[in-house]
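Student: Got a structure here, written out as structure tokens. Questions coming.
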Amino acid sequence: MQQSYNPQNSLTATTSYSEQEIVCICESLFNEGLQTGRTEQLANFIYNLPQCYQVMESVLKAQALVYFTTQNWKMLYKLLECSKFSPHNHTVLQNLWLDAHYKEAAKTKDRELGAVCKYRIRKKNPFPNTIWDGEETNYCFKSKSRNVLRDAYKKCQYPSVEDKRRLAQQTELSIIQVSNWFKNKRQRERAAGQLDRSSARSNDSDDGSSGCESKPPMNIDSPAPPPLPTSFDLQPYYPSPYTFAPHCDFSYIQNL
């Protein structure tokens with residue numbers, strides 16, 4: 001029978017684990033916390049670790065998620081600004097950074113944030129260099145990601161599901177984001193009179209409405225594009241689940 005987690009026994013348990021076991025447990029509980037929004041078990045585990053383990057990157061990342069779920073914004077910002085994280089952790093921590101600022105601003109304004117307000121928040125609160133490699137982003141799409149998508153678009157304007165999955169892995173985006181980029185790219189070129197009409201097919205039905213790059217130059221003789229809406233509604237943001245190392249043995253978690 002699987003042993004249930006008992007916070008009263010956590011101090012004894014945490015002192016008996018090796019560093020690798022602590023990393024595996026933290027990563028698993030972190031991923032579970034991202035999915036469920038519940039971090040009580042994660043908090044009990046890391047708070048009872050010996051002081052020498054408190055500076056481990058997996059523990060610091062777990063602490064950041066606990067601060068996020070408990071809406072302790074100041075401590076979250078301080079931790080992310082003062083602790084250097086490895087590049088493979090940047091994306092998930094950047095998501096926490098942005099979502100925390102969005103939630104904090106929405107609570108202050110007592111209303112849901114629009115696209116313009118979120119854009120201003122991102123400009124006012126850039127990522128600290130502890131979770132950012134310094135590469136320029138455009139609507140949260142990195143330059144290298146946009147270049148990969150542009151090259152793929154030149155080869156095929158209607159990628160298959162498998163192509164989208166491959167591009168999502170290459171660009172570190174979701175399949176929906178890749179689908180939206182191709183859809184909006186086709187729409188912009190159609191409006192500019194640049195898309196080959198014979199290539200338009202019924203599979204131009206990807207869901208979503210988020211674009212990533214600027215409009216192409218307009219031809220004076222081309223038909224004018226439809227007017228832009230006066231407001232924009234963004235889909236709710238959910239942090240992406242963290243993918244942990246394959247060597248982690250999660251059998252340790254059964255003993256919690």
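Every residue gets a Cβ built from N, Cα and C, even glycine.
Model, not experiment: these values are computed from the prediction.
Not my notes, these are from Swiss-Prot:
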DNA_BIND  134-193  DNA-binding region
REGION    187-233  region 'Disordered'
Student: List the helix, strand and coil residue totals of the DNA-binding region (134-193) as derived from DSSP.
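Tutor: Counts, helix then strand then coil: 41 helix, 4 strand, 15 coil.
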Student: Mean pLDDT for the DNA-binding region (134-193), rounded to an integer?
Tutor: 85
